[in-house]
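As recorded in TrEMBL:
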{"type": "DOMAIN", "residues": "53-340", "note": "domain 'Anoctamin dimerisation'"}
{"type": "REGION", "residues": "88-128", "note": "region 'Disordered'"}
{"type": "COMPBIAS", "residues": "93-116", "note": "compositional bias 'Basic residues'"}
{"type": "DOMAIN", "residues": "343-921", "note": "domain 'Anoctamin transmembrane'"}
{"type": "TRANSMEM", "residues": "354-378", "note": "transmembrane segment"}
{"type": "TRANSMEM", "residues": "431-447", "note": "transmembrane segment"}
{"type": "TRANSMEM", "residues": "516-538", "note": "transmembrane segment"}
{"type": "TRANSMEM", "residues": "558-582", "note": "transmembrane segment"}
{"type": "TRANSMEM", "residues": "602-623", "note": "transmembrane segment"}
{"type": "TRANSMEM", "residues": "727-750", "note": "transmembrane segment"}
{"type": "TRANSMEM", "residues": "784-807", "note": "transmembrane segment"}
{"type": "REGION", "residues": "948-977", "note": "region 'Disordered'"}
{"type": "COMPBIAS", "residues": "951-977", "note": "compositional bias 'Polar residues'"}
Amino acid sequence: MTEEAEVEVNLSPTSGSEQQAPHFLRDVIFHGKFKLLKALTPEENIHCQHGLYFQDGQRRVDYVLTYPVKKPGGGRSSRQSTHLLTENAVARSLRRGVHSRGIHSRGEHPRHHQAQRPKDSSSLPSSPVADVELGCLGETFNGQEDHKAFRREEFEGKLRDTGLELEKDEDTKIPGVGFVKIHAPWTILCREAEFMKLKMPTKRVYEVKQSTGVMEKISSLVSKVLEPLHPHVEEHQPKNIKHLSHTFSREKQHLFDLSDKDYFFDSKTRSSIVFEILKRTKCKAKYSMGITSLLGSGVYTAAYPLHDGDINEESAESNDRKLLYEEWANYSVFYKYQPIGLVRKYFGEKIGLYFAWLGLYTQMLIPASLVGVIVFLYGCATVDDNIPSMEICHPRNNITMCPLCDRVCSYWKLSTACGTARASHLFDNPATVFFSIFMALWAAMFMEHWKRRQMRLNYEWDLTGFEDEEEALKDHPRAEYEFRVMQKSLSKDQKSQHKVEKLNYQDRLPAYMTNIVMMLLMIGVTFAIVFGVILYRISTKAALHMSSNPTTRNHVQLTVKTTAAIINLVVILILDEVYGAVARWLTVLEVPKTDKSFEERLIFKTFILKFFNAFTPIIYIAFFRGRLVGRPGSYLYVFESYRMEECAHGGCLMELCIQLSITMLGKQLIQNNLFEIGIPKLKKLIRYIRSKQGAFQEEERQKKLQRYEADHFLEPFAGLTPEYMEMIIQFGFVTLFVASFPLAPLFALLNNIIEIRLDAKKFVTELRRPVAARAKDIGIWYNILRGVAKVAVIINAFVISFTSDFIPRMVYQYMYSPDGSMHGFVNHTLSYFNVSHFQEGKETMDPLQLGYPVEICRYKDYREPPWSTTPYEISKEFWAVLAVRLAFVIVFQNVVMLMSDVVDWLIPDIPKDISLQIHKEKILLVDLFMKEEQGKVHILESRTSAVGKENCSSGNNNNSTMAHQRSGLHTNSTNSF
């Protein structure tokens, strides 16, 4: 084929892209041809078996780098530009021929290097040289592309120097994208595994002792009953057999089972090893650039390990990804346990710990949900026996209440609040106090149970000695930090030769001040929005009271509460996204030194902002609404015209329940589920449209995507912070205000059953495979959980004592009731007001709405009547109730926290059997090394003795020879004599 023909073939898909992209959108959107989109999804490309190995079919692709490929103009084909790159690479290699031959002599370059060169356009070693060598590239590429290509060649040359094997592929089905496939040979894997102190299973196996006696029988019976709930994941060895693990060492390779070297290091371990090499490999530009900087500057567009294969059922080859899809990332198995071991094997310990924590949290919600439903049903069963609500709903109740707003509102009968009073009893009853204590103990038990579960996983996953490596990794600096240090060093070098090695407090002071100001500003925005919703409720209530429709006037409270809660929900959802972006921006400004420090600071800022965003409206309703009102004749006004809103007669607990339920359910349904499903799909569609465009032709769709091409269209992994954050906020809804909403654990349980499978499906099918990260705990999230659980005890104490009517009812029953019952409680909580004492211009416009003139109206408060010597002053009943409320808070808080500490003390952090097994492993390791040393000593002694015997025999032979020589000489000398 001629060069012109090659150009036409290579450029034909892109030349008509501008015309074909609209046709594709039109076919998909208007004509319903969704098969065009489906044909491109990795899930439907079930026959993408290629792409997991190099072209030789032997070396596995451990990691992939992608970079932009610009089609050169001037009639040149992509092969010609590749040829130019190759010529420059050859020219540069002449400068390092001696070094290259030295590397080959050590055996660090791949065995198939010679076979790889025709495919790999830059397989020859390269190093940074003068830019004059890129002169021929300047005819094709602009300066920026030229610089990026040079940096890529330099970086890839450094990767080859470390021993990695590379193969390029620019002739892909994705226009404008080139791929660099990376393979780590066996020697490199062994070297890096030793550097990273990876624990690998040895040949030595031992039996894990099971409990004996009655406990064993009970355990076996429970396991048989729960057998249908376990996923069908094949175990390679019995559960009571475990390999003894030890840190990998090249000197002790005989301890490990190396019969199959291809599978000794699994795919997630291989990719993590390659990622460590990528992180520490630097190329020199104006400053040192690692893989993170190269990705940020556009030299490379993406870096990711490959998934193990396809997930479609028709695929003949079984793999871990397919097994996870069938037994984990599937809604039909929602009732089964998670295959945590397989999740850890495929995604790594950090992601495995997240799903283990989420699964345990969901399991612990089951008893909390049952108790919450029982408490709610108790309220439903006793609502007809509740004396205060019966008094309110009694038909002979003639209590006239004061207007709820100025001018447009009129007097009203207390009996009209019957429905609200009955509904409030569902959530404001003595059982809620018990439920609050139960949930505080539940949170403590959940924490302890998780610590035990985490310790068991550390033992099963061989993470018991992980502290040393974790401390070493803390000091590994981030690329951004190194860049800032380099900038500071360059600026300092102009003034002095003093070398700058780190950023001090003065360098970070502007960022710290920006963080403080922005955090306060964002929290102030939250308060301002809450205040705006308050004004909305006040003005809307006054407007609805002026309506001529009687139905509208009768449902003013319900309408205002519901619409305000929905507005709050929408604002919370919007600000959540804004606050997440602001928190990341503020953390980037700080330039933390390590990835761990960056993650912890980001988590802290995000949690603070999102916590205030989610709970500020709820805290206002629980503790401030109805307490800053004033009294009739002396109300508190906002902007001199808006009267502060009051709680309904049933109390603010019902309104708190409405706000809590709408916010919690809305966040779970819209943000946690709909956004997680819809946004990745939308981003994938946009990527397809941008990258494919004119390549949506039928013949292109018929071609099979390689594995690395299919994974390119998946969403990049953004970390576990969003997943943890939504669960922590949910944990706050479940524990902080559970006294006002006992059904919160039930809604959280139903959401989490879906959330587990949704997250699993997202990780398996929607996201690129994350780099496996080792971790022995969930990090800062555990401290946040403990903090939320402690704050929950205090908040629930205040909700019970100040928001609900539990304390006023108890005070009346035991101090003021004439017969020790609740009869007369409603009248006891209402004060009197003389309507002639209204301020001028604030009285109602329709005083005769009830059909008779009103002289005395009632309002909910503890104040003296108008005929007393101190009219409208706070009465002694108020101070008695306040004293009991404060006492209840102190007693409740201390008793519940003491009980939580007792639970913490009674339950050991490390299960006894795990402690024994860890001790047994240490003994077995010592025994193994002692035997190894004894074997070495025995071999050394045998060799020494053999050498000694040889020396003795040779010595005897030498002595006899010398004797013969002496005798011969003596004879000769005698003869001569």
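In case you wondered, yes, glycine gets a Cβ from its N, Cα and C as well.
TrEMBL: automatically predicted annotations, no manual curation.
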Tertiary contacts of the transmembrane segment (558-582) (same chain, 6+ residues out, Cβ under 8 Å): 518, 522, 525-526, 529-530, 533, 536-537, 540-541, 544, 552, 606, 609-610, 613-614, 617, 655, 658-659, 662-663, 666-667, 670-671, 722
Contact check, the transmembrane segment (516-538) vs the transmembrane segment (431-447), 3+ Cβ pairs under 8 Å, seq sep 6+: no
Selection from 354-378, 431-447, 602-623, the stretch that has most Cβ pairs under 8 A to the transmembrane segment (727-750): 354-378
Rounded mean pLDDT for the residues that make up the domain 'Anoctamin dimerisation' (53-340): 72
